[in-house]
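Supplied in structure tokens, the structure appears directly below.
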């Protein structure tokens, strides 16, 4: 069995991965809060954005930022871009299904949250292992079954907790605390899954061909991270500003109506003098 390094570049990858997991979780909780205050298709749109934040930024980007620190010294590692893209779609879709199960109903229930957590957890763990299948190297990849089972269990529990936060959490401090807890859970699931990895370089295995190197993959991932985080943050802030402007306009309109109504009322006693 080959020697495996999970932190080939030191603390950079796990720290950046945790930051992405936290930012994605934080945005997802804020957007889920917007969804709870909306109805109809507007509620659905906020949930889709929440799924992109958690599934795309908090989970998928964290996974690939951390996995870029994975190295096997005795072989070159490259990444299949098609499988990598498919794993992104899988993560977002499964998180979206879980969010719609847990949050779309006006009154979320424990049954819906648990069901959504199971679906999302299985999807997130499947994303992890499908993302691992994107690795191309001169060897064979296998896993420790017990650790794989543990990673699925962590993913399901973490997803259920995340959906509970998305369905009921309120307040800034609670949202930040929830995002921190979710980030810890996402990172724990990832590194439990990585601990299950076994690499065998024995046998007649052809040399690595095709795919992208870690540094070639870093640029598009960095761009995607910036675009998703900035877009979702803009949507969140823009909604808040628009809502405040709408409230100000409503208050001004009411004040104007009260002023006009007061102007139409005759002064006390004026009516009596003309009788």
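In case you wondered, yes, glycine gets a Cβ from its N, Cα and C as well.
Unlike curated records, TrEMBL annotations are generated automatically.
As the structure is a computational prediction, the values presented were derived from the model and not from experiment.
Relevant sequence annotations retrieved from TrEMBL are reproduced here:
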DOMAIN    9-200  domain 'MHYT'
TRANSMEM  12-34  transmembrane segment
TRANSMEM  46-70  transmembrane segment
TRANSMEM  82-103  transmembrane segment
TRANSMEM  110-129  transmembrane segment
TRANSMEM  149-169  transmembrane segment
TRANSMEM  176-197  transmembrane segment
TRANSMEM  217-241  transmembrane segment
What residues elsewhere in the chain lie close to the transmembrane segment (46-70), defined as a C-beta under 8 angstroms and at least 6 residues from its ends?
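Residues 4-9, 12-14, 16-18, 20-25, 27-29, 31-32, 34-35, 38, 77, 84, 87-88, 91-96, 99-100, 103-104, 124, 127-128, 131-132, 135, 162, 166, 182-183, 186-187, 190-191, 194, 214, 217-218, 221, 224-225, 228-229, 232, 235.
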Contact between the transmembrane segment (149-169) and the transmembrane segment (82-103) is defined here as three or more C-beta pairs under 8 Å separated by at least 6 residues; is that satisfied?
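Counting Cβ pairs under 8 Å, at least 3, so yes.
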Near the transmembrane segment (110-129), which residues from the same chain, at least 6 beyond its ends, have a CB less than 8 A from one of its CBs?
55, 59-60, 63, 87, 90-91, 93-95, 97-102, 143, 148, 151-152, 155-164, 167, 186, 189-190, 193
For the domain 'MHYT' (9-200), what is the mean per-residue pLDDT, to the nearest integer?
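Taking every residue of the domain 'MHYT' (9-200) together, the mean pLDDT is 86.
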Given a Cβ distance threshold of under 8 angstroms, which distant residues of the chain, six or more beyond its ends, lie next to the transmembrane segment (149-169)?
25, 28-29, 32-33, 36, 50, 54, 95, 98-99, 101-103, 108, 113-114, 116-118, 120-122, 124-125, 128, 175, 178, 181-182, 185-186, 188-189, 192-193, 196
